[in-house]
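S.K.: My questions all concern the structure below.
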Amino acid sequence: MKKQALTIIFLLVSLVTGIQAKENDHWYLGTKMGWSDFNILEYRSKDITPFDTKIDTKNPLGAPVFGLFLGYEFNPYFSFEIENDTTGFSPHLIFQKNEQNIQINSLQLATKLSYPITDDFHIYTQLGGMMFWDNLSFKKDLQNIFTEKSRLIPNVSLGAEYIFNKKFITRLDYTWKSNIAKIMNLSMKPVLGDVALSFGWKFGKSNINEIFSSYIPQSSDKQYVALNENINFPFNSTELKPISHDKLQKLQKEIKNIKSKNIFIMLSGHADRIGNKEYNQKLSENRAYSIKNYFTSHGISQDKISIQGMGNEFSLTNQICKDVSDRPLLISCLAPDRRVEIEVLSD
């Protein structure tokens, strides 16, 4: 079991190393710690080679659970995760050869459906399935995976997460697990249940302006503006809001419907007047790169996209906000200035 756990850790680390080389910032890796009401002694006593036949399995017991997970975020609403959990895990005994650990490993695949309350705080649910590694090694269990005798354990999680600095993830969730037989009999009483606190890290390059080099395509005098859109940003941020993803998705479909092959996209980033000029110039450029990053990740060639940072030179709120002195009110008033203007040019 120790070799199995170490093998899983090695595979996850290998995946992270390979993914980082591709400079993709949609991946995340994490660990979780918590408590499961899974009676590991009862599970073992029913095994082919039980640890101890004298164990009293009638008394309900729980066990600590430790897990490692790797996930890919397709967008702020949808992710996919693979997870290995070890129930009964004792970190201080794992490398002690003379100690007999009572523990069991399981593999879980799940989709994660999130709803952003704010840019940093999300609530989510996970829908997936879990199998113990012991069952995965038996051909009969694999053949019965979609029958009433299946060892597959469907699960549902409910939780909340907070993301610090756009990189570090903390989350708390409860996972409800039941077997196929109980679900088919419409029983809602779970076979297993885990409460866990998780910590994760989104990796890949965070400075999106380093991902793409600035390139300004040659434009034709006969070009005209086919489409335009404004995308707004939170204060002092380059992160896209959930509503911005919806607007960009719609714009992307409209771009693909343009019959002309000679299409160029001009992205003009803007900042509000709070802060010094140099900082706002860089912030406006990074916002434009954020939109460029979205378009290129959805199949639009970066050669067709040009960006420019306008700093805080072209405010939309000069007259409206000139007499506002209270900082929170001023931040709210200047919201229209924190934007990227998108112009789609076609011949």
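Using N, Cα and C of the backbone, Cβ positions are placed for all residues, glycine too.
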S.K.: Of 78-86, 177-185, 303-311, which range does Swiss-Prot call transmembrane segment?
M.R.: 78-86
S.K.: Starting from each candidate's C-beta and looking 10 angstroms out, tell me which of the disulfide-bonded residues Cys321, Cys333 has the most other C-beta atoms.
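M.R.: When each Cβ's neighbours within 10 Å are tallied, Cys321 leads.
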S.K.: In this predicted model, what is the average pLDDT of the domain 'OmpA-like' (220-347)?
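M.R.: 87, rounded to a whole number.
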S.K.: Given the recorded positions Arg171, Cys321, Cys333, which one's Cα is the least distant from that of Glu81 (site 'Part of salt bridge gating mechanism')?
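M.R.: For Glu81 (site 'Part of salt bridge gating mechanism'), the spatially nearest of the recorded positions is Arg171.
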S.K.: Rounded to the nearest angstrom, how far is the Cα of Cys321 (disulfide bond) from the Cα of Arg171 (site 'Part of salt bridge gating mechanism')?
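M.R.: So the Cα of Cys321 (disulfide bond) lies 38 Å away from that of Arg171 (site 'Part of salt bridge gating mechanism').
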S.K.: In terms of Cβ proximity under 8 Å, which residues at least six beyond the ends of the transmembrane segment (26-36) contact it?
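M.R.: For the transmembrane segment (26-36), the list is 12, 16, 19, 62-74, 83, 85, 87, 169, 192-204.
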S.K.: Restricting to CB pairs under 8 Å, which listed stretch, 121-129, 154-163, 168-175, 194-202, is in contact most with the transmembrane segment (63-74)?
M.R.: 194-202
